[in-house]
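As recorded in Swiss-Prot:
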- K95: active site, schiff-base intermediate with DXP (ACT_SITE)
- G156, A182, G183, N204, T205: 1-deoxy-D-xylulose 5-phosphate binding site (BINDING)
Amino acid sequence: MLHIADTTLTSRLLTGTGKFATPELMLAALEASGSQLVTMAMKRVDLNGGNDAILAPLRQLGIKLLPNTSGAKTADEAIFAARLAREALGTHWLKLEIHPDVKYLLPDPIETLKAAEQLVKEGFTVLPYCGADPVLCKRLEEVGCAAVMPLGAPIGSNQGLQTRDFLRIIIEQARVPVIVDAGIGAPSQAADALEMGADAVLVNTAIAVARDPVAMARAFRLAVEAGGLARQAGLGSKQFVASATSPLTGFLHQQAEGAVR
C-alpha cells in the first residue's frame with residue numbers, strides 16, 4: 001500500500017497523460033498500468049469543460065487526478081496555476097513543477113520551496129518535483145509537503161537512475177513517501193527504484209512513446225509490483241567473494257570413505 005496524506009493507493013506506479021498519440025490510446029495504457037494517480041498539466045485542461053473527453057473516462061476508471069504546474073517558471077506562476085486547478089478540477093492535490101530552463105527542464109529549488117510553503121498554508125496536498133538534493137527534500141518535507149518527487153534523470157530522457165547515490169540518501173532520511181519522477185525509461189529501472197526503497201515511481205514518456213504503449217504500461221505495472229515485493233521480501237546482501245549455496249566437499253569425502261571400505 002502507498003499512503004500519501006489522507007489517501008491510500010494499492011498501486012505504486014504513477015503515470016502521466018502527455019505524449020500519447022490519441023486520447024483513446026492514453027486511456028487504454030493508463031488502464032493497463034493499474035495506476036490510480038495520474039498527473040496532467042493544467043495547460044492541457046480546458047477550464048470551460050471541453051476536456052471532459054479525457055477527464056470523465058479517467059474518473060470512471062477510478063483514477064485520481066494530480067494536476068501539475070508544468071510550464072510555470074516562478075513560484076507566483078505555479079501558485080496561480082494551483083489555484084486555477086483547485087477551482088476547475090475540485091481537487092487540492094497538486095504536483096508542483098517549476099522549471100524555467102527549457103532545455104533540460106531542471107526544477108528550480110528556490111522557487112519550488114517558496115511555492116510549496118505557500119501552497120501548504122493554503123491547504124493544498126503538495127507533491128513537489130525536485131532535484132535529487134537530500135537537503136532540499138528534507139526542507140520540502142519540513143514545510144509540509146505530502147511527498148517528495150526527486151528526479152532520476154532529466155524529464156523524458158529515459159536515462160534511468162542517474163542520481164542513484166543521492167536518491168539513496170533521500171530515501172534513508174525521508175519521513176514522507178519518496179516518488180522517483182522523471183528519467184525512468186525501462187521497466188527494469190522502475191523495479192530498481194522500488195528495490196532501492198522508493199515508495200513509488202512516476203512514468204510517462206517511456207510508456208507513451210513505446211511502440212505498444214498498452215503493453216509497455218502493463219510491463220511497468222508488473223515491474224513495479226516485482227520491485228516492491230522484492231524490497232519487502234528482503235534482498236540478499238552483496239559480497240565480494242563467493243558463497244556456496246551447498247557444501248562443496250562433503251559429498252566427495254563421503255564417496256572417498258565409501259571407496260576405502
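Going from the start of the chain as shown, residues are counted 1 onward.
Every residue, even glycine, has its Cβ placed from backbone N, Cα and C.
Structure with Swiss-Prot features highlighted.
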residue : record                                         : DSSP (3 states)
K95     : active site, schiff-base intermediate with DXP : strand
G156    : 1-deoxy-D-xylulose 5-phosphate binding site    : coil
A182    : 1-deoxy-D-xylulose 5-phosphate binding site    : coil
N204    : 1-deoxy-D-xylulose 5-phosphate binding site    : coil
Remaining residues near the recorded 1-deoxy-D-xylulose 5-phosphate site, that is with C-beta within 8 Å of the centroid of the site residues G156, A182, G183, N204, T205: G16, A153, P154, I155, S157, N158, I184, G185, V203, A206
Fewest other Cβ within 10 angstroms of its own Cβ, chosen from the binding-site residues N204, T205: T205
Least Cβ-crowded entry, counting other Cβ within 10 Å, from the binding-site residues listed as G156, G183: G156
The residue listed as 'active site, schiff-base intermediate with DXP', number of other Cβ atoms within 10 Å: 27
Alpha-carbon spacing, N204 (1-deoxy-D-xylulose 5-phosphate binding site) to K95 (active site, schiff-base intermediate with DXP), which is rounded to whole Å: 14
A182 (1-deoxy-D-xylulose 5-phosphate binding site): tally of other CB atoms within 10 A of its CB: 27
Site diameter for 1-deoxy-D-xylulose 5-phosphate, Å, by largest Cα distance between G156, A182, G183, N204, T205: 9
The residue listed as 'active site, schiff-base intermediate with DXP' and A182 (1-deoxy-D-xylulose 5-phosphate binding site), Cα-Cα, nearest whole angstrom: 13
Inter-residue C-alpha distance, T205 (1-deoxy-D-xylulose 5-phosphate binding site) and K95 (active site, schiff-base intermediate with DXP) (nearest angstrom): 17
Length of the line joining the Cα atoms of G156 (1-deoxy-D-xylulose 5-phosphate binding site) and the residue listed as 'active site, schiff-base intermediate with DXP', in Å: 17
Rounded Cα-Cα span from K95 (active site, schiff-base intermediate with DXP) to G183 (1-deoxy-D-xylulose 5-phosphate binding site), Å: 17
